[in-house]
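Peer 1: From TrEMBL, for reference:
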type: TRANSMEM; residues: 7-25; note: transmembrane segment
type: TRANSMEM; residues: 112-133; note: transmembrane segment
type: DOMAIN; residues: 197-336; note: domain 'AAA+ ATPase'
type: BINDING; residues: Gly205, Pro206, Pro207, Gly208, Thr209, Gly210, Lys211, Thr212; note: ATP binding site
type: BINDING; residues: His427, His431, Asp504; note: Zn(2+) binding site
type: ACT_SITE; residues: Glu428; note: active site
type: REGION; residues: 628-648; note: region 'Disordered'
Amino acid sequence: MKQSHKTLLLWVLLIMMFLAIWQFLSPDRPPATPVAFSDFLTQVQVQDREHEPHVESVTVKDREYTFWVKDPKSGSKTKKVTIGPENNEDLTKLLYDNKVAVSFEKEDASPFWSGALVTILPMVFLLVMFYLFMRQLQAGGGKAMSFGKSRARLLSEAQNKITFADVAGIDEAKDELEEIIAFLKDPKKFQKLGGRIPKGVLMMGPPGTGKTLLAKAIAGEAGVPFFSISGSDFVEMFVGVGASRVRDLFEQGKKHAPCIIFIDEIDAVGRHRGAGLGGGHDEREQTLNQLLVEMDGFESNEGVIIVAATNRPDVLDPAILRPGRFDRRIVVNRPDVRGREGILRVHTKKVPLGTDVDLDILARGTPGFVGADLENLVNEAALLAARQDKDMVTMGDFEMAKDKVLMGAERRSMVISEDEKKTTAYHEAGHALVAKLLEPHADPVHKVTIIPRGPALGITQQLPKEDRLSMSREFAKARLAVLMGGRVAEEIVFGQYTTGAGNDIKQASNLARRMVTEFGMSEVIGPISYASDEESVFLGRDFTSRRRDYSETIANQIDDEVRRFVMDAHNEARRMLSEQRETLEKLAIALLERETLDAEEVDAIVAGRELPKRDRVVIPTYADRERAAKEKRRAASIFGAPKPAPST
């Protein structure tokens, strides 16, 4: 039985016991209506007893007169009570003269403990309830009376079954952490050469690269106690709670040393001190100060290793980053093509794959994907295969899942007019044709579609052949031309623009400005950085220091160069599309007919070859199945149920 169920049962039993004792000790008396003594005397001396209500009997107990009033008309009797004089002979004579039955009762000879229990028992019951309530509040680190207790969870080997065999694509980070685990298991091997165990390890990298998964693998491999806590679990609305929880966490760590303490999202508590715009950050700074002291203060924490993870190492306080606190900083980057293939192999262990599935091709077709993206890709492919009642996941399922992850889900139910559909087809054809003509300076076209996906009416998707770690000037200029290709196609074919190019213009403007102010790709401005920090303000000091550090003349030159880069790309795209007008028309017509073109089909159109015939697989959605069932019911109601085919 769970602890909560036991507590509830105990409360129910206590309440039932209290009610039973109270019922036992309380006298069992029918209710009586209190009246004034004068009313009692009036009803005793009633003359017409055959027609008027009168007192029929009286029970005298000390000064309490309990009497029954009889109503001759209805025959009913009413019990009433009043307080009168004690041992009054005249009153007794009056009762006898009016033929009222009189009886006397002695005072209750109940024992002393009975009255005492009636008085004390409610107080005892309240004290017991208060005691149990306080015990409930103090049970567990997350309860109201345990603000100062650490919320860290101690993971055992039975609870965590993830090991380094389940981690792929980040081999360098695994090597760094495996060395720490080896130190924990055999410290003498390192200590005999004068080495000491690192006090802290900071894992940093983009979201989804596997930092938390690495921490779980450490817990599964270390063979020592492993405490896990989030950075946000330290800070509460009450002053001093965070520092108290830090102290309690390290006290638990010292008791279980050697051990590992993992702090996820440490930037929630370890941000730069003095960075707030107001005075509301004192509690977090106090918590950070206590964390700094515990990690490397006056008292040493031998055998307690801190492993932390963050996506924002730039906002961490310098004091927490110094050697002695975090001796090692492990960068968990996006995996390369070999790393992505290894991650796919890990996530497809329990997935029945078709014979046509090639994980190497999948890895090459997913540049920039992190571990979380690849896990989502495998899951989406499995869901797509299940919706089609397949026994295995095929390469086609992975391709459709990749399109869904990259471009969003198809919105086939969206109603689009023929004019808008035609405009979208020429717009996307312009992007695709410019990208194709600018190869190899532009990324190859992977897929072009005019099926609405996400917020877009159409998408031209480009995927690099290999991981791109840097960008040349020619590639950036080609990228600008591809972005302007859609708008230019609308201008050439229809003689006007639409708002569909708004996002393209925004991306082109941002890229051109970075080319001028960050990358030094402008001959006029030269290799000088004039970039301003356009990211969100994470620190108060960033807010106060954000200012332009160049003159108006330079600002005008930057604006002129940005405009020149964008207009040169616009003119280049116009020249290419004007020369290839016939190819542009073929691409747009093919899009209107097929709605989606893959890389091979785009290549065939540009090369002037005939498009191969294909059967497009459309996976019915829940809405599609509902509409089909509704139409079937409607037809049955009009024409009747279909007759079964005659047997032969």
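Indices start at 1 and increase along the chain as displayed.
Using N, Cα and C of the backbone, Cβ positions are placed for all residues, glycine too.
In TrEMBL, annotation is done automatically, which means it is predicted and not curated.
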Peer 1: Of the recorded positions His427, Glu428, Asp504, which sits closest to Gly208 (ATP binding site) by Cα distance?
Peer 2: Asp504
Peer 1: Which state, by DSSP, holds Gly210 (ATP binding site): helix, strand or coil?
Peer 2: coil
Peer 1: Work through the recorded positions one by one (His427, Glu428, His431, Asp504) and name whichever has its CA nearest to the CA of Pro206 (ATP binding site).
Peer 2: Asp504
Peer 1: How many Å lie between the Cα of Gly205 (ATP binding site) and the Cα of Asp504 (Zn(2+) binding site)?
Peer 2: 29
Peer 1: Within 8 Å of the centroid of the Cβ atoms of His427, His431, Asp504, which other residues of that chain place their own Cβ, given that this set defines the recorded Zn(2+) site?
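Peer 2: Near the Zn(2+) site, the remaining chain residues are Glu428, Gly430, Thr460, Leu483, Met484, Gly485, Gly486, Arg487, Ala489, Gly500, Ala501.
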Peer 1: Could you tell me which of these recorded positions, Glu428, Asp504, has the fewest other Cβ atoms within 10 Å of its Cβ?
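Peer 2: Asp504, out of the recorded positions Glu428, Asp504, has the fewest neighbouring Cβ atoms within 10 Å.
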Peer 1: Whole-number Å only: compute the distance from the Cα of Glu428 (active site) to the Cα of Asp504 (Zn(2+) binding site).
Peer 2: 11
Peer 1: Tell me, if you would, which residue among Thr209, Thr212 (binding-site residues) has the fewest other CB atoms within 10 Å in the structure shown?
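Peer 2: Sparsest of the binding-site residues Thr209, Thr212 by Cβ contacts within 10 Å: Thr212.
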Peer 1: Using a 10 Å radius around each Cβ and all protein chains in view, which of these binding-site residues has the most neighbours: Pro207, Gly210?
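Peer 2: Its Cβ has the most other Cβ atoms within 10 Å: Gly210.
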Peer 1: Could you give the number of helix, strand and coil residues in the domain 'AAA+ ATPase' (197-336) as assigned by DSSP?
Peer 2: 55 helix, 29 strand, 56 coil
Peer 1: Excluding Gly205, Pro206, Pro207, Gly208, Thr209, Gly210, Lys211, Thr212 themselves, which residues in that chain have a Cβ inside 8 Å of the centre of the Cβ atoms defining the ATP site?
Peer 2: Ala309, Asn311, Val332, Val370, Gly371, Ala372
Peer 1: Of all the binding-site residues given, namely His427, His431, Asp504, which is spatially nearest to Pro207 (ATP binding site) at the Cα level?
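Peer 2: Ranked by Cα distance from Pro207 (ATP binding site), first place goes to Asp504.
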Peer 1: Could you state the CA-to-CA distance between Gly210 (ATP binding site) and Asp504 (Zn(2+) binding site) to the nearest Å?
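Peer 2: It is 33 Å, counting Cα to Cα.
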Peer 1: For the C-alpha pair, I'd like the distance in angstrom between Thr209 (ATP binding site) and His431 (Zn(2+) binding site), rounded off.
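Peer 2: The Cα atom of Thr209 (ATP binding site) is 32 Å away from the Cα atom of His431 (Zn(2+) binding site).
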Peer 1: Can you give the mean pLDDT for the domain 'AAA+ ATPase' (197-336), rounded to a whole number?
Peer 2: 81
